[in-house]
Amino acid sequence: MNEELISSAISFLKDPNVQSSPLTKKIEFLESKGLNQAEIEEAMKRANEGQSQSQSHGQSQPSQSSQSSQSSQSSQSNQLSNAPLDYYNVPPQVPDRSWKDYFIMATATAGVTYGLYQVVSKYLVPSIIPAKQSSIDEDKYRINEEFIKIDKVLEVLEEDQNQIKSQNEEKCKELDIVIDNVNDFLSKYNKDKLKFDDDLKLMKLEIDNLKNSVEKNMNLTKENIKDELQDISEELTSLKNLIRARSSELKDSARKVPPVSSIPSALEILKKAKSGSSTPESQPTGSATSAETKPTTVDNVTAAGIPEWQTKHKEAEGIPSWQAKDKPENGIPSWQTNASDDKVAKSIANVGVPSWQLNASSSSS
């Protein structure tokens, strides 16, 4: 135990101002100062012993007879101080009543009395004392008036309800008509939509078929055009080569055929074969100076030479002078060349060859 705290607690308990205060407050104060229960009991015990000693010292001055009694009392006080102390809480003081308390009490009393009066006057008194006939008649009259008012209100409500019902029926009919129209429109719309979808699918299929057919026709026409162009180009080249060959034949000198007398007989050929000679030694060269001409070749086209006797024979047949004048240098009549050109142009127009392609083919040739 802490002696300093105990001594300070003893001095606190011996203070005359503190002695008049209740015990619980003393204990609470000592606990707030940090004393435990044992230290508080020890401090209170020592404080009580000091008070008893001071009282015994004050009473020793009177007569000696009182000393014996004082000694006995001191011994009893020592025995009591040695015994454990029991602490009891002091009852709280009764609070002072103010005017607010009286006002609240008066208000509560008035409310309770008024409630009791109402209960007694409305429930107990009518059940005990029967009402008067006049009051009964008045109540009956009031009740009848209320019933009349209620009947009027019910009639008004019934009329309003009938009007509302008729209006609702008309609105329901209009709504039914509108719903029927909407259903008809939706059904028609669905049919039109299905028809439109079918038409759209058919159009799509037709477009696809047309596309495929156009592509196929384009490919076929391209191939046909290529083949026909090749044929036309080949024909044109052959015509050009033929024209060149004819023109070269006319420009060449006239070829002469040897006479019949210069041809050896079969006997001479046999004799020469037997004698070992391949050709006769002496051949007439006077009028047979012109031998057979070799065929001319122009652009891989070979044209045989026309003998002079054949041309003279044709002249002897009698060609008119006007026809000979109109005859071109290349030997082909103009009408024939024009007819061939017209034929080629018609075939090209029927095939449908573009102009740029014709220009390209002509430039390549």
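Heads up, the Cβ atoms here are built off N, Cα and C, so glycines get one too.
Here the structure is a predicted model, which means the values were calculated and not measured.
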Coiled coil according to TrEMBL, located in which of 19-50, 211-242: 211-242
Tally of DSSP helical, extended and coil residues in the domain 'Peroxisome membrane anchor protein Pex14p N-terminal' (2-46): 36 helix, 0 strand, 9 coil
